[in-house]
Amino acid sequence: MTDYSKTVNLLESPFPMRGNLAKREPAWLKSWYEQKRYQKLREIAKGRPKFILHDGPPYANGDIHIGHAVNKILKDIIIRSKTQAGFDAPYVPGWDCHGLPIEVMVEKLHGKDMPKARFRELCREYAAEQIARQKKDFIRLGVLGDWDHPYLTMDFKTEADTVRMLGEIYKSGYLYRGAKPVQFCLDCGSSLAEAEVEYKDKISPAIDVAYLFKDTAALAAAFGLAGFEGKAFAVIWTTTPWTLPASQAVSAGADVVYQLIDTPKGKLVLAKDLAEDALKRYGFSDGIAILAETTGDKLENLHMNHPFLERDIPMLNGEHVTTDAGTGLVHTAPAHGLEDYAVCNKYGIELYNPVNAEGRYIGETPRVAGMRVWEANPVILQWLEETGNLLASSKIEHSYAHCWRHKTPLIYRATGQWFVGMDKAGADGKTLRDKAIKAVDDTEFFPSWGRARLEAMIEGRPDWVVSRQRYWGTPMTFFVHKETGELHPNSAELLEKVALKIEEKGIEAWFSLDKSELLSAEDCENYDKLSDTMDVWFDSGSTHYSVVKQREELEWPADLYLEGSDQHRGWFQSSMLTGCASSMGRAPYKQLLTHGFVVDGEGKKMSKSIGNVVAPQEVYNEFGADILRLWAASTDYSGELAISKEILKRVTESYRRIRNTLSFLFANLSDFNPIEDAVQQADMVEIDRYAVVLARQLQECLAGDYYPRYAFHFAVKDIVSFCSEDLGAFYLDILKDRLYTTKADSHARRSAQTALYHITRSLVLLIAPILCFTGEEAWDIIGGGEEDSVLFHTWHEFPTINEKTEAELVKKWTAIREAREAVTAAIEPLRADKTVGSSLQAEAEITAPEEMAGYLNALGEELRFALLVSKAEVKVGSELAVAAKASDGEKCERCWHYTRDVGAVAGYETVCKRCAENVGGEGETRHYA
């Protein structure tokens with residue numbers, strides 16, 4: 001008896017169904033590094049149009065977390081997809097190396113008692129160690145880049161160019177020195193940039209305080225009264241009692257309506273809109289009378305006594321005054337608030353700051369001298385009670401600024417700092433704020449809501465405090481006049497001389513510099529070296545100049561910056577400001593892409609204390625980096641990205657669908673040589689031509705739309721859908737009969753293999769930006785061997801087909817697919833009650849509208865192959881309907897179809913006539929399916 005299993009084309013796949021990614025990925029990485037894949041790619045891509053994604057530098061401290069992984073994976077997908085789209089897309093990874101967190105770690109490890117030069121040396125060593133750890137993890141994720149030559153903000157050349165960027169801004173006229181209130185962290189002992197501030201809820205005392213008017217006659221006149229008897233008070237409301245020792249004025253809104261109200265306390269001035277609530281707080285319900293009303297502009301320049309100090313307090317008009325809460329009058333301490341500073345500055349009131357850098361009151365402040373500000377609140381409340389000026393006291397929970405490092409509340413504190421002015425006219429007569437808002441207009445945003453967010457932040461941001469009183473940072477390399485505080489008139493030239501020294505020896509060249517090396521003897525007498533360092537956001541915000549503009553393989557401006565949504569107030573903004581404030585005069589990027597934060601499966605923020613942290617190292621060690629990459633790509637990054645073991649298991653199912661599809665494709669291509677065996681497009685079996693069109697449409701969608709607009713979750717969805725629906729549930733299901741049962745080198749089979757070759761090659765190229773390991777594994781089989789890379793090739797070139805012919809082909813086969821779905825649905829009850837096993841055991845009678853019936857009948861005897869039944873008949877009717885029944889034919893041992901001609905050919909007693917022809921004759925011919 002013949003064993004017909006040996007006559008079918010069941011081939012082994014060179015692409016295993018099990019990826020075993022966690023184990024195999026490290027070996028692939030080693031091989032690619034040894035082959036110098038990145039360097040070869042740069043050679044291959046020479047002369048192509050450039051695409052520059054500039055890497056926002058992660059901070060060189062601690063292991064990478066899942067947010068870092070998302071960020072680097074998204075960047076890598078873009079770099080790879082742009083490369084395959086025909087661009088030269090070099091990727092230079094970078095690290096942010098200066099700043100307080102590293103200082104804190106070095107102090108913990110080595111203590112504080114050492115020369116500053118040694119301290120900076122240890123900071124540099126610590127940063128280098130952290131970079132080595134993080135680099136290893138980024139490479140493990142499959143991120144392709146120039147890892148042997150990353151940029152570091154602590155590289156001597158980068159430090160020098162950061163100094164040069166400072167010089168650019170100085171020459172543009174935006175840099176100035178001023179004593180202004182800035183966000184100040186008492187634990188850092190330093191001012192903070194906006195990006196270093198986070199807001200959390202805090203419980204604070206909320207108090208109403210009375211300021212006694214000195215001249216009641218003047219107050220009466222302001223309210224249009226001839227006079228009145230008794231005392232009168234302006235009442236303020238504040239949540240920062242500790243600022244009252246610095247109170248220098250009270251501000252009223254010029255257009256706000258105020259009432260003079262007679263109360264048991266005396267006459268009180270309160271905003272009309274807030275008076276009722278305020279009086280309730282004071283417990284005044286009886287003996288109240290509204291005497292008169294006036295507007296805030298009439299109260300201007302009246303004078304009061306400070307509630308517990310001997311100090312004159314003028315009434316000012318301030319635009320910052322609102323009637324949202326409180327009393328409508330605002331106690332004004334220019335040392336502790338930007339708006340307070342602005343209004344006092346307008347009135348020429350000299351700033352008084354009673355709080356030192358440790359957050360303690362200086363010696364001349366009674367009762368609270370030497371205390372830290374937070375300790376002073378209860379003392380000040382007691383003081384107010386003693387003077388009779390505390391009208392109400394309660395607790396309030398409100399959003400308050402905290403240090404992002406220490407998680408402790410910040411204070412506003414006036415200090416002498418260097419600023420980049422937002423509203424100061426530069427050398428070209430334009431303000432930096434106007435330039436930056438114009439730059440926002442010129443930038444493309446992904447997602448689009450990023451534009452409004454960044455614009456609002458630029459419109460509302462204060463001047464940028466760029467100086468820091470720290471040790472491990474790029475120095476502000478200026479010489480300052482000892483008496484006037486003015487910069488040396490030759491600052492631009494001196495700065496360049498210092499930059500050249502820093503290029504050779506790093507920032508230590510400035511800290512160890514003897515003034516006499518650059519200044520005359522007279523200037524040495526009159527000028528001091530500035531000891532301040534620069535805000536680390538200035539370092540990273542200058543990398544478009546220190547890296548993108550300097551490195552030969554890059555081009556300025558960058559095409560894309562891609563970071564988390566917090567970078568609208570961080571790197572996106574600092575980069576824009578340095579770009580606009582320098583001679584470049586524009587944003588250093590054309591596009592901004594923002595991704596959300598990673599949360600757990602329930603949408604909760606990750607926290608070690610909760611125990612819901614998912615570490616990227618755990619994911620790639622268990623599942624493989626390709627699964628992590630597929631998760632990142634399949635999630636809509638414009639919002640929060642949820643991750644958990646359950647979510648990763650679902651992602652693994654999608655991966656398995658893609659992998660199993662590739663395994664099947666490669667098995668059926670293992671005896672196919674595209675040069676010798678390919679069938680011309682016009683000669684292919686019709687369904688093969690249709691399948692190639694579907695593959696080409698998928699490629700056009702991904703390569704022409706989803707990848708260029710960074711819509712990776714749509715790309716993944718369509719790839720999985722193509723594998724499971726277009727291929728798995730339709731084309732490959734139909735194709736198995738022809739692949740397995742026709743002659744190995746027949747036209748029917750070679751046509752199918754030609755289609756599979758185009759589909760496979762395109763599919764591998766399409767998945768490769770996302771599944772970089774799997775893509776390369778597959779390319780080893782279908783590409784040019786182990787030394788070849790999928791990245792060395794652009795998108796697949798499909799055979800051309802006439803547009804009209806294609807449209808007709810798609811229309812026809814869309815109708816056939818609809819009929820096939822109806823047939824499958826009609827057979828399902830027969831399978832459920834075990835009347836039939838597979839659909840091949842069934843016959844179908846189809847009633848279809850005329851056009852569909854025409855398409856079905858055009859397939860003739862091959863219709864049964866397209867419908868996966870043993871027999872099919874079609875008749876015309878008004879709507880689609882299918883009647884299915886079990887076939888009365890006999891099962892062919894070879895093809896498993898049920899026919900009435902099994903054993904019809906002598907010597908082939910257990911197989912059908914078609915199989916007998918395919919085994920012993922010339923083989924069958926197919927035209928349609």
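Backbone N, Cα and C define each Cβ position, glycine as well.
Between the stretches 385-389, 405-409, 605-609, 670-674, Swiss-Prot puts its motif ''KMSKS' region' entry on 605-609. Between the stretches 14-24, 58-68, 520-530, 531-541, Swiss-Prot puts its motif ''HIGH' region' entry on 58-68. For the recorded site, E563 (L-isoleucyl-5'-AMP binding site), the DSSP three-state label reads strand. Note: the Cα of K608 (ATP binding site) and the Cα of E563 (L-isoleucyl-5'-AMP binding site) are spaced 23 Å from each other. Long-range neighbours of the motif ''HIGH' region' (58-68) within the same chain, counting only residues 6 or more positions beyond its ends whose Cβ lies under 8 Å from a Cβ of the stretch, are 95-97, 99, 101-102, 105, 127-128, 130-131, 133-134, 137-138, 152, 564, 597-598, 606, 613-617, 619, 643.
Looking at E563 (L-isoleucyl-5'-AMP binding site) and C895 (Zn(2+) binding site), their Cα atoms lie 56 Å from each other.
Using the Cβ center of C892, C895, C912, C915 for Zn(2+), the list of other same-chain residues with Cβ within 8 Å runs, in sequence order, T741, E893, R894, W896, H897, T899, V902, V911, K913, R914, A916.
Non-local neighbourhood of C915 (Zn(2+) binding site): Y4, T741, C892, R894, C895, Y908, each in the same chain, at least six residues away, with C-beta under 8 Å from its C-beta. C912 (Zn(2+) binding site) counts 28 other C-beta atoms within 10 Å of its own C-beta, drawing on all protein chains shown.
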